[in-house]
Amino acid sequence: MGKKGEDRPDSDYGEPAQFDPTFNGPIKKRGCTDIICCILFMVVILGYIGVGMLAWLYGDPRHVLFPRNSTGWFCGVGPNKDKPHLFYFDILKCASSANVLVTTLSGLQCPTTQSVSEIVSKELCPFFHIPTTSALGRCFPDIQKLGSIPDFFSSIPGLPSSVNETANLIKNGTGDIINSFNIKNIGLRIFEDFASAWPWILVGLVIAMLVSLLFLLLLRFIAPVMIWLIIIGLLASGAYGIWHCYWEYANYKQQSASINNVGFTTNFRAYLEVQETWLAIMIILCVVEAIILLTLIFLRTRILIAIALIQESSRAIGHMMSSLAFPVVTFVLLLVCVSYWGATAIYLATSGNPIYKVVALNSSYGGCRSITGNVTCDPQTFNSSDYPACPTASCIFISYNEEGLFQKNMLNLQIYNAIAFLWCVNFVIAMGQCTLAGAFASYYWAFSKPDDIPMFPVGASFVRTLRYHVGSLAFGSLILTVVQIVRIILEYIDHKTRSAQNPCARFVMCCLKCCFWCLEKFIKFINRNAYIMIAIYGKNFCVSAKNAFSLLMRNIIRVVVLDKVTDILLFFGKLLVVGGVGVLSFFFFSGRIKLPGDTFHSETLNYYWMPIITVVFGSYLIAHGFFSVYNMCVDTLFLCFLEDLERNDGSLQK
């Protein structure tokens, strides 16, 4: 009875596949699947294109790309083409953190214009010019030169005290801006490091690519050794842990250090100095060690099968090297999706004409109290002399027009943009998985390798996927998108209500997020195996998902063993690539490894850790791209292997 779910034909998870002498790999004669979902996906894509066109027609990204002066004109374009920098007459009005935040949200608008009469009456004409520097198209006090202004003017006799007061006021009042633009200096130094080290960063990434490729190709030879070394190392670590715990237990037992002498305390280190703690840890380790040993004894044959599949996957990749380049296609398509989503979001956010209203910048004047901020104005024709009772009246930007039909549905269009983006991203990933699955399935079922392998297996599988199974891929990616949307909504609700949640509400929210996280992982697992069955048999998504799930459940023990063995190999493979290249880059960029000649000097780097981080991050992406192909190859060959076990018994007839 213990093997009913794996070996017996009367399994609760469907009937095993029957012998078919004509079956020799992915079905050639197939039809289009899930046509309704294909049509729906095409309609959504057309709508997405329409939203992008409308956003392009009504939006104006110049609102976030270029600064705008007090008359409403953009700096650096149009009539101000030769004037790319915005100058603030009174930088103190923009100096506080609050104003910086507000002006950032409104397009960095900080009106500081003043009338001539106000300048004369208040004696605001400056005695000196403040050195400025450009940042984000705006003129700010120079960070390096600003500190010397008060000391410079204090050394000149005869100047009014207001000069030094003004200089100190500017220096102190712009402290927030100066501190924030220290980040800009750091950014410039990092950019300089990239400019000088980018050839060597590329060398590091190329090394990561070569190491990843070499590791995958050598797995056919070193996989058994690596797996058994990992298993032996795990058992040896557990045995050492048991010995160490016993040694600590015996030591504290001789000292009569008992938990009764400690009692309850928040100092957890105190619990490590009593014999009961080490006895409990030793018992747990003994139980875990026994479980691992028993598992190895009873599942040794399945571990050998997993090793053989891993070796076969390495051979498959060796015969189809083009499969290693396919993640580049997926990456480019994902980059297109992200770029289109970002551009559409920006154009939608800046659609609608800007609204300007008359606002009193200083309400201390009696006549300014009548200005309530409800009167619209045109900054290009506004004249403050029209408000003689309020000399600080200005025409400033308030918001964008939201009265039109397009503007009223802005939120809905942004939601549509986000949903379509998620669906497209999941579809691109699904297309890549189905394409690779079809290529590797053609390798497995080829009777004579490599003669029976198709000429261009990856290209043929890609064309077959786009021709027949767009609807099925859209169906699977739509299910995943719905779950992801629910997770986003839960995160939004949790963020908005966190301060008002009681412990019970936090517990419920945590459970919901955990459940939907698990559901997303499960759906990704089901989709991945369904795409493999689609690539092989050409059936619709539901039938393929059902057949894949039933096949896996009939062989659940093999699934668990292979999954864990593969995860261990991929983990150590990524650790080898990322860790090895990271250590090498550390020794190189820190100057511990010297190149002959004057090729590169690490002393020229401002922050040598930035190229190291870049190389490590890039190495991880490269290793993940290579190993994702390998992982898809293992999963495909494994499903084909399970089908092969049920279809054929190794006899001449089968």
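The chain as shown is numbered from 1 upward.
Glycine is no exception: its Cβ is also placed from the backbone N, Cα and C atoms.
Heads up, TrEMBL stuff is auto-annotated, nobody curated it.
Per TrEMBL, the feature transmembrane segment maps to 35-58 (among others).
With a threshold of 8 Å between CB atoms, the same-chain residues lying at least 6 positions outside the transmembrane segment (197-218) that come near it are 314, 317-318, 324, 573, 576-578, 580-581, 584-585, 588-589, 600, 605, 611, 614-615, 618-619, 622-623, 626-627, 630. Taken from TrEMBL, the feature transmembrane segment applies to 197-218 (among others).
Residues or ranges marked as transmembrane segment by TrEMBL: 225-243 (among others).
Under the heading transmembrane segment, TrEMBL lists 278-299 (among others). Here the transmembrane segment (278-299) has Cβ contacts under 8 Å with residues 231, 234-235, 238-239, 241-242, 245-246, 248-249, 252, 272, 557, 561 of the same chain, all six or more residues outside its ends.
Residues or ranges marked as transmembrane segment in TrEMBL: 320-343 (among others).
The transmembrane segment annotation in TrEMBL covers 420-447 (among others).
With a cut-off of 8 Å between Cβ atoms, the residues of this chain six or more beyond the transmembrane segment (468-490) that come close are 30-41, 419, 422-423, 426-427, 429-431, 434, 509, 512-513, 516-517, 519-520, 523-524, 527, 530-531, 534-535, 538, 540-542, 544-545. Annotation comment: TrEMBL describes 468-490 (among others) as transmembrane segment.
According to TrEMBL, the transmembrane segment annotation covers 569-588 (among others).
Per TrEMBL, transmembrane segment is recorded for 608-630 (among others).
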Seminar exercise, completed: Per the Cβ filter (under 8 Å) with a sequence gap of at least 6 from its ends, the transmembrane segment (320-343) is approached by 52, 213, 216, 417-418, 421, 424-425, 428-429, 431-432, 435-436, 439-440, 443, 453, 456-459, 462, 625-626, 628-629, 633
